[in-house]
Amino acid sequence: LLAVSEELGEEELSALKFLSREQVPSKRLDRARSAHDLFEALEERGVLGAGDMSFLRELLLRIGRLDLLAAPLGCGREQVERELRERARVPPYRYLLFQLSEDITKDELMSFKLFLDGMLPRSKLTPETTMLDIFIEMEKKGLLGKDNLSLLKSLCEKINISLWNRIEEGLNLFGQEEMLITEEERGSTGGPEGHLALPVAPEFRGSHNDSSQLEAYKMTSRPCGVCLILNNHNFAKAREAVLEPKYLRDRNGTDVDAAALRNVFSKLHFRVEEYRDLTADEIRKTVNIFRCEDHEDKDCFVCCILSHGKKGIIYGVDGEEVPIRELTTSFTVRNCHSLAGKPKVFFIQACQGDAFHKGVTIEADSGEQDASMEGDMRFQLDCIPAEADFLLGMATLQNYVSYRSPREGTWYIQALCQHLESRCPRGENVVSILTAVNREVSRKTGERNAEKQMPQPIFTLQKQLIFPVN
């Protein structure tokens, strides 16, 4: 317990305390200033002890600390999932609130505080107040509870209806699970009454009537695979071309994206290889090197492309074009047999249409214009091979724009890396993570003309793609 407590930060402690509110009285939780204090309170209540560490394992799984399950607790996610199918102590209602708190943006949190001003004391609505703090205060004031969700629903409808939709869908799913467990317990002599099995990742379930989970791709090799980053920044060659020079601006801010990708995929056990400022021919040669590499002892291949582009193509730094389909089809079964049956993932940050609206702090990954945003993307479905096990994540969708900040990087890549880093430890499916990325990016608004952006994932995956962290 001491070893675990020393690894937990303040935010994680707050999460554990929130998830433990059915097990420990509020006043006792308020006195817990450290994970050590919380563990003592759980021991006092008889839900934690040398002979029963199941609740602690459940808590660590809920907050995504799978590394602490492995060491020092010496168990894996699969074991905890089996335990939860038999008995889960964190109620679905509370777990869904926790998930909601993890997904809420800063702007949405501010909106909650504004709407609750007058219902909650202003001392509880400071800039430091988290969404979990708000939920706790609402519960204390009788404004929120398992059977009292009307105010939460009203607030979500005013701020972002998709927040309530997720709560409602989760409760519906858990309600069906509770009925199934109740029926099982009626016919059993053992099982504790009143406890219901809580699916670890309900959003991965195919349908509410299907109790079996979709099979996942094998992801146990170390390294898991190669993450190839093609990072084009300096387009001076394109501007200096003797024949058909193209005015492609240098992609200031792309190194911020590349660093974020290196960081997250290193944590996900990929061997990261980055290549900078490649011409079209150099892009082809580099991709061919990795196509010919033996991936037999690897489980996955990831390619991240950061460049300018237009419909269905990306630009080399010399202004020459490379069709996206040419790159993706390099890794089909016919062209790269050692990746057969394994996921091939491409993330592409490049404009796929004509850019317009000049600007300074926001730039376009587009064609020949000096511009602040990129749009009119008509994504070609043939960019992705017509065979299984491919995933293509594009930064833009038709009629939307894509942004790159010279200081902070692109909306899409930054959101992608943040969600991968926070959600992969919770065992979330990459397709679900990309849905969350879509949601975050689509909520952003450009500062100049209220511009919007919508990414687009397209895939032919046959199984769940879950990047492990341990």
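The backbone N, Cα and C atoms fix where each Cβ goes, glycine too.
Bear in mind that TrEMBL entries carry predicted annotations, made automatically and left uncurated.
The active site feature in TrEMBL is assigned to H308 (among others). With a 10 A radius on its CB, H308 (active site) counts 28 other CB atoms from all the protein chains.
Taken from TrEMBL, the feature active site applies to C351 (among others). Residue density at C351 (active site): 28 other Cβ atoms are found within 10 A of its Cβ, drawing on all protein chains shown.
Feature annotation from TrEMBL assigns domain 'DED' to 1-74 (among others). Mean predicted confidence for the domain 'DED' (1-74): the pLDDT average there is 91.
As annotated by TrEMBL, domain 'DED' applies to 92-169 (among others).
Under the heading domain 'Caspase family p20', TrEMBL lists 223-355.
Taken from TrEMBL, the feature domain 'Caspase family p10' covers 384-467.
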For the domain 'DED' (92-169), the number of residues DSSP places in helix, strand and coil: 55 helix, 4 strand, 19 coil
